[in-house]
Amino acid sequence: MLLSDRDIRAEIGSGRVALDPFDDAMVQPSSVDVRLDRYFRLFDNHKYAVIDPAEDQPELTRLVEVDPDEAFVLHPGEFVLGSTHETITLPDDVAARLEGKSSLGRLGLLTHSTAGFIDPGFTGHVTLELSNVATLPIMLWPGMKIGQLCFFRLSSPAERPYGSGADGSRYQGQRGPTASRSHVKFHRTHVE
């Protein structure tokens with residue numbers, strides 16, 4: 001069940017769902033707007049010949065911090081990682097989905113490539129997969145609205161919420177844009 005503004009405020013008010021910092025003005029009829037942080041991960045395309053999800057490639061990206069009053073310029077065709085300014089914490093019976101803002105999509109900015117789902121139990125900043133599919137550069141300002149979180153109540157609490165396993169979860173507690181950790185517990189089924 002998708003939570004309404006009333007339900008979102010109740011979940012935040014009770015402390016079950018946390019957004020830090022929280023601004024009530026960001027609450028929409030069935031979502032909460034989230035803002036862009038000032039940290040970005042740029043891809044160093046000359047460090048590796050290919051990207052291999054099975055391998056640890058620690059020099060694939062580098063962290064860039066922009067001043068709070070300066071924009072990050074995302075050029076046409078570029079892909080960078082960003083993150084929400086807000087830290088999100090979800091209980092074991094609420095999941096969330098990050099969606100882009102329509103106004104930014106109409107300018108050619110894609111907020112996430114594939115990873116818009118946030119598991120129950122997650123805590124941390126949400127990493128954004130930012131792409132410019134327009135023909136002009138796009139200015140990304142720290143603190144600007146970048147997306148919206150929709151919250152869903154599960155039919156029952158998750159048996160193993162994110163971060164509860166013995167091995168932990170790859171992105172639990174992440175701060176800022178976090179590079180891929182696909183190589184950790186990489187799974188590949190033998191296909192004949």
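Even glycines carry a Cβ here, placed using N, Cα and C.
As recorded in Swiss-Prot, the features of this protein are as follows:
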type     : residues                                                                     : note
BINDING  : K101, S102, S103, L104, G105, R106, D119, T127, L128, E129, Q148, Y162, Q174 : dCTP binding site
COMPBIAS : 171-181                                                                      : compositional bias 'Polar residues'
COMPBIAS : 182-192                                                                      : compositional bias 'Basic residues'
REGION   : 162-192                                                                      : region 'Disordered'
SITE     : G116, F117                                                                   : site 'Important for bifunctional activity'
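Locations of recorded Swiss-Prot features on the structure.
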| residue | record | DSSP class |
| --- | --- | --- |
| K101 | dCTP binding site | coil |
| G116 | site 'Important for bifunctional activity' | coil |
| L128 | dCTP binding site | strand |
| Q148 | dCTP binding site | strand |
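Each residue contributes its Cα atom, and for Q148 (dCTP binding site) and G116 (site 'Important for bifunctional activity') those atoms are 10 Å apart. With all protein chains in the displayed structure included, the most crowded Cβ environment within 10 Å among the recorded positions G105, G116 is that of G116. The most densely surrounded of the recorded positions S103, F117, L128 is L128 (count of other Cβ atoms within 10 A of its Cβ). The two recorded residues L128 (dCTP binding site) and G116 (site 'Important for bifunctional activity') have their Cα atoms spaced 8 Å from each other. Residue pair K101 (dCTP binding site) / G116 (site 'Important for bifunctional activity') shows a Cα separation of 13 Å.
Here the C-alpha separation of S103 (dCTP binding site) and G116 (site 'Important for bifunctional activity') works out to 18 Å. There are 17 other Cβ atoms within 10 Å of the Cβ belonging to K101 (dCTP binding site). DSSP places the residues of the compositional bias 'Basic residues' (182-192) in helix, strand and coil in these numbers: 0 helix, 0 strand, 11 coil.
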